[in-house]
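In TrEMBL this protein carries:
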DOMAIN    A:59-89  domain '4Fe-4S ferredoxin-type'
DOMAIN    A:126-155  domain '4Fe-4S ferredoxin-type'
Amino acid sequence: MNACKTVKAVSDTVKGLWSLVVGLKVTGKNYVSPQLTIHYPRKTVDNIETYHGHIELVGKPKEPAVPRCICCMLCVTSCPSGCITVVKQKEPKEPARASADAPKEMLGEVGEKKAPPMAKPAKTPSRWKLNYNLCSLCGTCVEVCPVKSIRFSNDVYIAGYSQDDFVYDLLARLREQAGEGEGDR
Amino acid sequence: MSTANMIYGVPLQLFQIVVGLVCLAAFVGVNAVLLVWMERKVAGHFQRRPGPFEVGPYGLLQTVADAVKLIAKQIFVPEGADKMLYWTAPFLAFLPVFVTLLPIPWGDILVVQKLDLGILLILAFSGIGVLSLCLAGWASNNKWSILGAARAVSQSVAYEIPLLISVLTVVFMTGTLNLSTVVEAQGSWPWEWLGASQPLAFIIYFTCAVAETNRAPFDLPEAESELTAGFHTEYSGMGFGLFFLAEYANMIVVCGVAAALFLGGWRGPVADGWWWFLLKVYALIFVMMWFRWTYPRVRFDQLLNIAWKWLIPLAILNLLVTAALVKLFSINYYV
């Protein structure tokens, strides 16, 4: 029994001493490894793909300047800070058709075929604003959008002198990006 | 006294000592600047960052900027502190370093004084450094300082003993206390050095050297997370600067002695010279810095147990074995 204890004690001591060597090896390896620090601003940061900036709109595949947004208002309602403002485009009026249809129905002719139904206009937003002053980058709007019209941007170079500088018109931004040819990522 | 031993009416030995001391002072100053920079560069690279690089090329002027900062800082004495002891301590930490540097052989003829009792001189004056730590802690009227001082003194006393014994092993092997003679007793190749024939003594010596200079993992007297800064908590400006300077100067001393006793001193392959000595000293200092960024700090009871339960018995055993072998086989490098 004492022999076993002695062997274990010696084994523990040797193991402990060897761990000192292992420690030196680990730090030595790190010493000769390349550095991870970037000398900003002398050098630019080249791996901001994973950076989550403020949200931006995603354009349609065939029409980059038009957002995929269908104005369902889910992002507006789900945003905990009330940052997002979306206004749907108004549908055009067709009073002539209405007045034309009325007399026929009033006549009440039996068997008369009704006029074809009106075509639905596409739902597009006329205004899409983000108030970044209130945004907490929680990502709820990105998650909740059914057509994946919202994503995080890589915009790290934001600076301004006023609150108004951080109220973004995302439709205008999307048009600029479409002009630049960025479109879908 | 014959005129051959006089220069402008001054004895040659005195002249030699004064010139040597001036050179040593310059060397210590320049070396402290270099070592602080080296420490921060090495720390940066171990953590995969560049360290200082803004001030001067490769950040070489960073230490100069730090020195200016230290000099420009206000010097004050805390309320209730003993002024006399408070200001004696930094000088007591710093001045003995020059005495310990006297007998270190930088080269064959590049040595201030070839003292027959050089090793004894170094070990004797190293003890004064402990006294300065005690004075600094006591005089500060600060509980953290007194705790740091108590730790520093008990640590230094504990690690002085195995250091002495391992040095004594070398003295047994060579039969002399003269550092220059010890170097001459060794050869140019690594297997001819005393570190090869006395590996246990070298390991014990170097461990104790790290502890004597209060370097990690033996830096409990300066444990920032517990004691603010240990015995020099209350010091600012040049008071702190002197302690800082003394720490790096002591590193040179302990590494210089290690190089002279165990690594062949200024001897080296191909061509002997002062460059070999400096290379060895800086390599040992680099290893010390490597230790700092590798090992965690040990608990204080563990710290003292390492000295009293492991290093001292091992050192004594090593000494006895060496004495027996020297006696049996008449091994003697010098005589």
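Just so you know, glycine gets a Cβ as well, placed from its N, Cα and C.
DSSP states for the domain '4Fe-4S ferredoxin-type' (A:126-155), grouped as helix (H, G, I), strand (E, B) and coil, give 5 helix, 9 strand, 16 coil. The DSSP breakdown of the domain '4Fe-4S ferredoxin-type' (A:59-89) into helical (H, G, I), extended (E, B) and coil residues amounts to 5 helix, 7 strand, 19 coil.
Confidence in the domain '4Fe-4S ferredoxin-type' (A:126-155), given as mean pLDDT, stands at 91.
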